[in-house]
Amino acid sequence: MFAFYFLTACISLKGVFGVSPSYNGLGLTPQMGWDNWNTFACDVSEQLLLDTADRISDLGLKDMGYKYVILDDCWSSGRDSDGFLVADKHKFPNGMGHVADHLHNNSFLFGMYSSAGEYTCAGYPGSLGREEEDAQFFANNRVDYLKYDNCYNKGQFGTPDVSYHRYKAMSDALNKTGRPIFYSLCNWGQDLTFYWGSGIANSWRMSGDITAEFTRPDSRCPCDGDEYDCKYAGFHCSIMNILNKAAPMGQNAGVGGWNDLDNLEVGVGNLTDDEEKAHFSMWAMVKSPLIIGADVNHLKASSYSIYSQASVIAINQDPKGIPATRVWRYYVSDTDEYGQGEIQMWSGPLDNGDQVVALLNGGSVARPMNTTLEEIFFDSNLGSKELTSTWDIYDLWANRVDNSTASAILEQNKAATGILYNATEQSYKDGLSKNDTRLFGQKIGSLSPNAILNTTVPAHGIAFYRLRPSA
């Protein structure tokens, strides 16, 4: 086996440069919500957004934290005589303000889309050079979130400085409106966005577009994993490809500014249940936004129970906001049909002194995997409290909603109330501070100094744990 080790330095670049917690007071935890693009692309309408919001609410997902309803590309019909954007009246007959009001009246937040280019990616009017009037359009329509893409940028890229100023123009324009608007950059990680994004935005994409494949290589996503400075980000990037590119970037993200690994593919395509669990777990662990990409009106029971796993979401919404680190990576001989095979261990600190740990199996067969306190607390010195204490192990995927119950909720034969965690009534921060057992998983054992944590991990699957100091 060929080993790769990625241990983050004790003093990260974020610490050196003193990145502020949030440039606009938003994004104190990674955003959660739904975006239409992965499933519907340009097939958008007022009815789709409002029906989807109602369904998210009925399924209890809004109260789990999925508050942003994000309208992606293809909503515009052009500009009016004053240069302001105009919504397509066939798709949105009552206008964007009506959509915003409906969502706000039902305790959602409204997201819209544009591009830092002459056109959007689908060829509609972009905002390059028109940042102030477009920002005012979004504010006038009571928008709470802007996804800002990178197509048709007139060649204004190639150095961090050029890209920074192109995206800063919209950041400044949004702030000038006086309306708090979450600013989500979608420039595919071009020009090292993770270095400069936190000063002007709340999240930033760090790779090409995701596809519903766990490991499959694709020539349209030409850079391999760990090529974090990809000159051509592309699209159709697999889950493992994006995850590996994100591995060294956690030190540049945190409260107020997050690495965005792209929308979730849980419930999209033909991923296995183990692949969907691994995908959701790792996005949660590295503090990526949790944006549902599926059609919530046609979710499988197993996918719904993944989206509603409170103990995993609590890792993502942890107030400390520190992305986990990949501690080790090995290539393995049992490769899958695409010639891919690797195993990894990730670890990261949590706000209340706990630690999150993942053993990820990218091989083609189930296998025993293990780790130790020395690996889990890789920055701790010998004799430290972390390495000389006993830790209780909690399985974060235990107590998952069973398929029968999930199906009953999806078929509206049973209410989600009382079954799912309600973060509207009690935030994840408050639930964690009060030791709400729903957020910690199920205790399965303990790990003492010099002992080994052993488990069997399914192919393309994960073992996902919270470690808590033993009483």
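Counting starts with 1 at the first residue shown.
Including glycine, each Cβ sits where the backbone N, Cα and C put it.
Not measured: the values here are computed from a predicted model.
Taken straight from Swiss-Prot:
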- ASP149: active site, nucleophile (ACT_SITE)
- ASP209: active site, proton donor (ACT_SITE)
- ASP72, ASP73, LYS147, ARG205, GLN251: substrate binding site (BINDING)
- CYS42-CYS74: disulfide bond (DISULFID)
- CYS121-CYS151: disulfide bond (DISULFID)
- CYS221-CYS237: disulfide bond (DISULFID)
- CYS223-CYS230: disulfide bond (DISULFID)
- ASN105: N-linked glycosylation site (CARBOHYD)
- ASN175: N-linked glycosylation site (CARBOHYD)
- ASN270: N-linked glycosylation site (CARBOHYD)
- ASN370: N-linked glycosylation site (CARBOHYD)
- ASN403: N-linked glycosylation site (CARBOHYD)
- ASN422: N-linked glycosylation site (CARBOHYD)
- ASN435: N-linked glycosylation site (CARBOHYD)
- ASN454: N-linked glycosylation site (CARBOHYD)
- 1-18: signal peptide (SIGNAL)
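Cβ crowding, taken as the number of other Cβ atoms within 10 Å, peaks at GLN251 among the recorded positions GLN251, ASN435. Long-range Cβ proximity for ARG205 (substrate binding site), meaning a same-chain Cβ under 8 A and a gap of 6 or more residues, is found for LEU185, CYS186, ASN187, TRP188, GLY189, THR193, ASP260, ASP262. Annotation: no recorded positions among LYS147, ASP149, ASP209, GLN251 have CA atoms within 10 angstroms of the CA of CYS42 (disulfide bond).
Of all the glycosylation sites listed (ASN370, ASN403), ASN370 has the fewest other CB atoms within 10 A of its CB. Distance between Cα atoms for ASN270 (N-linked glycosylation site) and ASP149 (active site, nucleophile): 27 Å, as a whole number. ASN175 (N-linked glycosylation site) falls within a helical segment according to DSSP.
Each of the disulfide-bonded residues CYS74, CYS237 was ranked by the number of other C-beta atoms within 10 Å, and first place falls to CYS237. Using Cα positions, the member of the recorded positions ASP149, CYS223, CYS237 nearest to ASP72 (substrate binding site) is identified as ASP149. Of all the recorded positions listed here (CYS74, CYS121, LYS147, ASN175, ASN435), CYS121 has the Cα closest to the Cα of CYS221 (disulfide bond). For the pair ASP149 (active site, nucleophile) and CYS121 (disulfide bond), the C-alpha distance works out to 8 angstrom. The local packing around ASN105 (N-linked glycosylation site), expressed as other Cβ atoms within 10 Å of its Cβ over all shown chains, amounts to 8.
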